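Annotated features, as they stand in Swiss-Prot:
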- 74: active site, proton donor/acceptor (ACT_SITE)
- 185: active site, proton donor/acceptor (ACT_SITE)
- 10, 11, 42, 43, 75, 76, 186, 187: substrate binding site (BINDING)
């Protein structure tokens with residue numbers, strides 16, 4: 001049980017930002033990552049569709065890889081599916097919204113926080129509710145940025161056009177008094193440098209990856225599930241879409257070749 005992998009799922013490549021942080025904080029753990037790049041983005045999809053897709057990814061990992069913990073490294077899927085999946089499976093399941101909210105609360109000085117995310121994440125008010133539950137005196141600015149996920153998935157995030165698309169997407173927040181900005185989509189940290197340049201050094205840019213990895217570590221430790229094996233960890237990367245495109249983005253993000261990327265098909269009927 002201890003050597004069973006942690007499953008990390010996302011609509012595409014964005015959850016790699018969370019997986020990378022889990023690998024850094026928990027270097028002995030085996031990680032299996034599934035990016036549903038064929039059906040990305042989840043942001044504009046109907047909620048029932050997002051729920052079904054998230055369950056398909058979850059069931060695939062439970063049945064084929066016997067994961068000991070699941071990380072829903074997608075804000076849209078967290079907002080829509082986390083509660084349902086937590087109630088239904090027999091392993092620990094964490095999302096990325098609560099950790100992101102906690103991280104922002106720690107660093108804001110003026111209690112004015114911005115949140116950017118997909119249409120579904122923003123529409124759900126999940127971040128605003130999480131933030132106000134922690135501090136009801138906060139002022140929260142929400143902004144949907146639907147252009148950013150397709151841009152990251154295209155693999156062009158190292159291009160100079162990143163600054164232009166960030167400016168186009170974030171300009172409504174530019175003249176606000178926010179001192180902290182939550183990247184409410186796990187794709188967005190890949191554009192963190194461009195976002196920081198546009199918003200200015202006075203704005204704290206919050207990615208949920210670090211806090212999510214810390215929560216994973218805490219839960220595994222509490223439940224006695226930390227991997228103690230001296231054997232080097234085995235990390236697997238799976239995608240439902242174009243394997244070469246996924247591998248290129250993963251290699252760029254990790255700064256080295258991640259190894260073999262497997263293309264999978266999710267044809268099994270939903271099981272809940």
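Note that Cβ sites are derived from N, Cα and C of the backbone, with glycine treated the same way.
Distribution of Swiss-Prot features across the structure.
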residue : record                 : contacts (Cβ under 8 Å, 6+ apart)
10      : substrate binding site : 16, 18, 33, 34, 35, 36, 73, 74, 77, 186
11      : substrate binding site : 35, 36, 37, 39, 40, 41, 42, 43, 53, 74, 76, 77, 149
75      : substrate binding site : 95, 96, 97, 100, 117, 118, 121, 126, 184, 185, 186, 208
187     : substrate binding site : 12, 13, 14, 17, 148, 149, 152, 153
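Taken residue by residue with DSSP, residue 186 (substrate binding site) is part of neither helix nor strand, so it is coil.
For the recorded substrate site, residues 10, 11, 42, 43, 75, 76, 186, 187 set the reference point as the centre of their Cβ atoms, and the other residues of that chain within 8 Å of it by Cβ are 12, 14, 15, 40, 41, 74, 77, 118, 121, 149, 185. Among the active-site residues 74, 185, the residue whose Cβ has the fewest other Cβ atoms within 10 Å is 185. Counting other Cβ atoms within 10 Å of each Cβ, the lowest count among the binding-site residues 43, 76 belongs to 43. Its own atom aside, the Cβ of residue 186 (substrate binding site) has 34 Cβ atoms within 10 angstroms in the protein chains shown.
Among the residues 10, 11, 42, 43, 75, 76, 186, 187 said to bind substrate, no two Cα atoms are farther apart than 12 Å.
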